[in-house]
Amino acid sequence: MSQGEAAGHGTAKPQDKGWAWMVLLAAVVLQGLTLGFPCCIGVFFTDLQHEFQASNSQTSWFPSIMVAVLHGGGPLCSILVKRFGCRFVVMLGGLLSGLGMVSSSFCKSISQLYLTAGFITGLGSCFSFQAGVTVLGYYFVRWRTLANAVASTGVSLGFTLWPLLSQYLLDEMGWRNTFLIFGGILLNCCVCGAIMRPIQLASGLLPQSVKPEEEPGSRAEEAQLSNGASPYHPMLQQHTRRTKCFQMLQKYLAFDIFCQNKGYQIYTIGVTWMMMGFALPHVYLVPYAIHNGVEEHKAALLISVIGFINIFIRPLTGLLSGHRVFTGRRIYLFSLAVLLCGLSNFICVISAEFSVLILYCVILSIAMSGVGALVFQVLMDVVDMDRFSSALGLFTILESITLLIGPPLTGLLVDITRDFHYVFYNSSFFLISAALFMGLSFCALEKKNKLREASKACLDNPSRYQYSETSTESKAESQFPPAVEYITSI
């Protein structure tokens, strides 16, 4: 076992009982602190604009960088978890998050916020969240699905509470002191990490992924050494470096799956395109409401409404999608949820009255619950579980790129036109086009696979499909989770 694995699995602890439920409670708090936090940034949007005399585009880079790093830092987090263990990475993330927000309270320009609150806090949140999700897999076996579902409610709680707290503190003491207090609150991620005590896996029952694997290229190196080649020969060293680099890319960025698996290819492109518009309402809804005369505390309440409804709708959506009726059809449910997200944006175009915006938040929250509950379940359906971790790496990095550039580009359009309606036009365009692309493409792919199956003469050797429903029961029932796993949430 490597040093990181040893660090991650210390003393023996019972699973599915006792201290495991304290770890679950810590995971709920952790997800509320990390994933729920970016939703409150819209509350400070107008104040930051006035403070730094910044445009909509310049100001929106700050939350965009935070969310992009939060989603795209998975591969780096995965490497740290393998090397140092989950507990250390969660506490490191809490320290970075707190440091980033404390530093932000002293910023003299909007560009400094990009580094402190955007990059440092975003990276810290990524470490804490993803390592916290990973450790749940070690503490829960029988109740692992329930544990992950309960932990995800922390996101909705964060969505509900962060905006209300932000508006109260902003009114009482200004954005600088509020950011300073936020730094102290995010340091509680370290407390959650301290609760996540390492767990020792029984000897002889180590998961396959923990056992050292024979690295590709090692036989070639052994052959060259057996023929008398020096291990310090420049050509051999160069070959070894290339081999290790290729191994890292294959492990954390599954380009081979993207090229060979049509289902994964369609889904990754669709979700990446979708993210150009998905985050826009979260960033611009509050400033849009304030711009149209809604009181600031009521505008902050809009985001809380979205989070509150998510608390109840997201688990129900997860249970509904798990029914056998939807086996092999979850991609269509996901596309329908994305389509509803896009169509709901037209409500804001019709009117900016508070009652109308509340209706918009209710419909958007229901649709968002479907997207959040299904996004990774569909990915499990289109990719074999033994390659899920690496497929997720490429998936999250690509979506983080569009999460990064979407809000600033839309902000630039608003600056040019002086019309906030373009926020919702843009969001609708990306969401509706992504939903139609994914739904129609998978429908065409399914028909193509059925024709291929019918044309096979030998029934004893059925074809393997690029897109097929992969059973996740074996993963849920497996005794242990992967040694390294990084998961994001929407």
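Just so you know, glycine gets a Cβ as well, placed from its N, Cα and C.
Taken from TrEMBL, the feature compositional bias 'Basic and acidic residues' applies to 211-222. If you look up TrEMBL, you'll see 20-451 marked as domain 'Major facilitator superfamily (MFS) profile'. Residues or ranges marked as region 'Disordered' by TrEMBL: 210-230. Sequence annotations record features per position, and here TrEMBL assigns transmembrane segment to 21-45, 61-81, 88-106, 112-139, 146-165, 177-196, 266-287, 299-319, 331-351, 357-379, 391-410, 422-445.
For the domain 'Major facilitator superfamily (MFS) profile' (20-451), the model gives a mean pLDDT of 84. Sequence-distant contacts of the transmembrane segment (357-379) (same chain, six or more residues past either end, CB-CB distance under 8 Å): 152, 155, 264, 267, 271, 278, 281, 285, 289, 294, 302-303, 305-310, 313-318, 321, 330-331, 333-334, 336-338, 340-341, 344-345, 347-348, 388, 391-392, 395, 472, 487-490. Note: the stretches the transmembrane segment (146-165) and the transmembrane segment (299-319) are in contact (3+ CB pairs below 8 A, sequence gap of 6 or more). Counting Cβ pairs closer than 8 Å and at least 6 residues apart in sequence, the transmembrane segment (177-196) and the transmembrane segment (21-45) reach three or more and so form a contact. Beyond its flanks by at least six residues, the transmembrane segment (331-351) meets 267, 274, 277-278, 281, 285, 288, 321, 357, 359-360, 363-364, 366-371, 374-375, 378, 381-382, 421, 424-425, 427-432, 434-436, 438-439, 442-443 of its own chain at Cβ-Cβ distances under 8 Å. The listed stretches are 21-45, 61-81, 88-106; of these, 61-81 has the most Cβ pairs under 8 Å to the transmembrane segment (391-410).
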